[in-house]
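For reference, TrEMBL has these:
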DOMAIN    20-401  domain 'Cation/H+ exchanger transmembrane'
TRANSMEM  68-87  transmembrane segment
TRANSMEM  99-124  transmembrane segment
TRANSMEM  136-156  transmembrane segment
TRANSMEM  168-192  transmembrane segment
TRANSMEM  198-218  transmembrane segment
TRANSMEM  239-270  transmembrane segment
TRANSMEM  282-302  transmembrane segment
TRANSMEM  309-332  transmembrane segment
TRANSMEM  379-401  transmembrane segment
Amino acid sequence: MNPTMLLLVQLALILGAARACGALLQRFGQPPVIGEMAAGLLLGPIAFGAWLPELHGVLFASSSLPPLSGLANIGVVLFMFIVGVELRAPEGTTAQVRASVLVGLSGIVLPLLLGLAAAPWLFARFAPQGIGFWPFALFIAAAMSVTAFPVLARILKDRNLTRTPAGRLALGAAVIDDATVWMFLAIVLTLTGGNSHGGVGFTAAGAAVLIAVVFGMLKPVYARVLTPRASDGSYAPTALVWVPIGVLACAAAAEWIGLHAIFGSFLFGICVPRDDRLLEHLAGRIEPLAISLLMPVLFAVAGQATSPGVFVGAGVAGFALVVGVAVTGKLLGCTLGARLSGHDWRDSLSVGSLMNARGLMELVVIKIGLDSGVIGPDLFTLLFGMTLVTTVMASPMVAWLQRGRHTVTASGLGAGNQPH
């Protein structure tokens, strides 16, 4: 089988498995992305490689993975650009914004502390050769703190909870959480020196220069380039061509200085003008490519990196530990933060359950850790499993907690004293 045919067969198999698993999980009230992630895991050595090792060896030989990895990396870059584009400051009254900040930070601090507490045990058993304790420990702490904003928003939309107090609070807190965790992760990768040419100092200086260029130069330039036409308010096609150029250039710059490429695309997404029509247009053009086509490829590539024999001995204890730390830290931290903000226990637990969903964002984080050499395949597999468990938990927990609590009509407006 020549390389082109093999790539086409791989893509057909990956997309077919992702769609089938996504549709199956959706029938059980779960976001399709969970099924797509599970499909990636099943296509790896844990399932496909164990059941049909010879066929798996032909279709997913290690020598055939670089083209898939390239597509997956482009997908992640585009996805993080959309995350940056859609990142908005929490909205509402001063009290609501303050509550979002409190929940977001409490959902970071407690998982960070618990992650640091678990790090010595994990380091002794799962750390790759040559990695220092503190980069490893800080990465584990960051991985415990992630919330999947896209999954959270999808659950709220599916459950008609977006306009409820718990929904508004969770959305605002997730913005705080995501922005803080990505900055923290950038610091962690800077401390490792990444893949840069000059170690930690070069990466740190390069990151500062990149931020200055993006916000000091590119932001005003793109504000002029992406000005809608006065005649009909639309955007010139030639102007929109400059958006993917900026995304890829910033991603390449971030990769060159030793950070992962996603940090460049994320920064560029933040600097794009905050015009609703523009953001809707960009999301409508890029999301189908990034989410529907390229993200399943990322899940499959991640699945190939898993270790089939890890769930024995220390691996079982390690899996229980990372799941326990992740759930306890996020659920307890965010629930207490919401309760301190004046919400009742049911809404507070709903917020904690939503913030516990890690989804695609967590998978991106742990794949970065694996690619950077901060974690190895065994721990990556355990964290992949934790990602699935915590994401699957979110929707049924919220449905149970909010059952009969908020009734929203088809128009999105509640009756009586229901939230608007």
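Including glycine, each Cβ sits where the backbone N, Cα and C put it.
Counted over residue pairs separated by six or more positions, the transmembrane segment (379-401) shares fewer than 3 Cβ pairs under 8 angstroms with the transmembrane segment (168-192), which leaves the two as not touching.
Only sequence-distant pairs (6 or more apart) were considered; of these, at least three Cβ pairs between the transmembrane segment (68-87) and the transmembrane segment (239-270) are under 8 A, so the stretches are in contact.
Against the transmembrane segment (282-302), stretch 239-270 shows more Cβ pairs under 8 Å than any other of 99-124, 136-156, 198-218, 239-270.
Taking Cβ pairs closer than 8 Å, the transmembrane segment (99-124) reaches residues 90, 92, 133, 136-138, 140-145, 147, 169-170, 172-177, 180-181, 184, 318, 321-322, 325-326, 328-330, 332-334, 336-338, 340-343, 351-352, 355, 379 in its own chain, all 6 or more past its ends.
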